[in-house]
Amino acid sequence: MEGTMHADAKIRAETGTESGPRGPGCSLRHFACEQNLLSRPDGSASFMQGVAEKSREQLIRNTCEAVVLGALHPRTSITVVLQVISDAGSLLACCLNAACMALVDAGVPMRALFCGVTCTLGADGTLVLDPTAKQEKEARAVLTFALDSVEQKLLMSTTKGLYSDAELQQCLAAAQAASQHVFRFYRESLQRRYSKS
């Protein structure tokens with residue numbers, strides 16, 4: 001996943017080259033994350049990972065609202081600002097991951113963390129996790145899922161293209177397995193950040 005969410009910060013790259021749940025084509029690209037980048041907001045994060053703007057915004061908003069414990073802070077507004085610096089594919093998943101890390105960095109109470117995972121289906125039915133922009137363009141179907149960290153419960157999905165029910169279930173299962181790699185990366189990134197303090 002390689003859509004950069006913020007530019008002017010030192011970025012730490014992590015290897016995410018482990019094979020995914022469905023073979024060598026289903027591996028995740030490298031992750032990188034930096035928190036506390038902006039001076040004025042309560043929280044900020046840059047998340048690097050290799051739909052229309054308003055639609056994407058609404059999907060991200062709905063996902064955040066599904067996990068944020070807003071009842072703990074009534075009459076409080078939370079604003080998440082995401083800045084797309086580049087788009088090398090899996091942009092919505094990258095935005096979801098950046099939003100989650102920014103909420104964590106701000107100390108916003110959530111019932112669970114969440115992550116985004118995108119996969120594509122080729123003309124021959126080949127499933128690719130974390131596709132590049134080129135792979136998305138050439139795919140028969142592009143599916144993005146938002147999953148929670150507690151039960152890998154589906155919080156949101158958006159799809160484009162043609163696929164069968166069996167292929168949808170196959171993509172969801174692959175995304176749920178891949179989400180464990182993303183959540184592990186979150187934990188490691190947070191441990192590094194707070195072990196320095």
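Our numbering is plain: 1 for the first residue shown, then up by one each step along the chain.
Using the three backbone atoms N, Cα and C, a Cβ is placed for every residue, glycine included.
What TrEMBL says about this one:
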| type | residues | note |
| --- | --- | --- |
| COMPBIAS | 1-15 | compositional bias 'Basic and acidic residues' |
| REGION | 1-23 | region 'Disordered' |
| DOMAIN | 55-109 | domain 'Exoribonuclease phosphorolytic' |
| DOMAIN | 114-177 | domain 'Exoribonuclease phosphorolytic' |
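Residues of the domain 'Exoribonuclease phosphorolytic' (55-109) grouped by DSSP class, helix first, strand second and coil last, total 32 helix, 1 strand, 22 coil.
A mean pLDDT of 95 is what the model gives for the domain 'Exoribonuclease phosphorolytic' (114-177).
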